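Novice: My questions all concern the structure below.
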């Protein structure tokens with residue numbers, strides 16, 4: 001009942017601007033464009049500042065290109081073995097040969113097997129199974145006792 005009253009008050013007090021279900025689509029479609037920028041007398045809007053703005057844009061592009069060059073072209077180091085990988089993958093002469101590497105692969109069989117978590121899981125499964133069996137047995141016992149009392 002309290003929940004119904006809260007919902008009713010919410011619907012009654014909801015306005016179209018705050019939490020209402022009415023959406024004014026025309027308001028969202030309007031574009032606000034400043035058409036009268038010429039009234040501002042600053043260097044941003046003068047023709048004299050066009051060269052300055054072009055120089056700033058050019059400087060930004062050069063800086064972005066420098067960042068891209070640093071990130072992608074100069075990143076390939078000796079440790080990535082990029083050239084070796086390309087030779088192995090794309091050369092026809094190395095199809096019969098295998099590539100040698102000093103990096104050892106991950107071998108799961110040599111990993112140390114830990115038995116303690118398995119012991120804990122088996123004890124937990126055993127206790128859960130025992131609890132379920134005990135609950136079923138206790139439930140049947142109480143049903144049998146109540147049936148005996150009702151027969152007397």
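Using the three backbone atoms N, Cα and C, a Cβ is placed for every residue, glycine included.
The topological domain 'Cytoplasmic' annotation in Swiss-Prot covers 1-114 and rests on similarity to another entry. Taken from Swiss-Prot, the feature topological domain 'Extracellular' applies to 136-152, supported by similarity to another entry. Marked as transmembrane segment by Swiss-Prot on the basis of sequence analysis: 115-135.
Each of these features: where is it, how hidden is it, and who are its neighbours?
Specialist: With DSSP classes pooled into helix, strand and coil, the tally for the topological domain 'Extracellular' (136-152) is 16 helix, 0 strand, 1 coil.
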Novice: For the topological domain 'Extracellular' (136-152), find every same-chain residue at least 6 residues outside the stretch whose CB is under 8 Å from a CB in it, and list them.
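Specialist: No residues contact the topological domain 'Extracellular' (136-152) from elsewhere in the chain.
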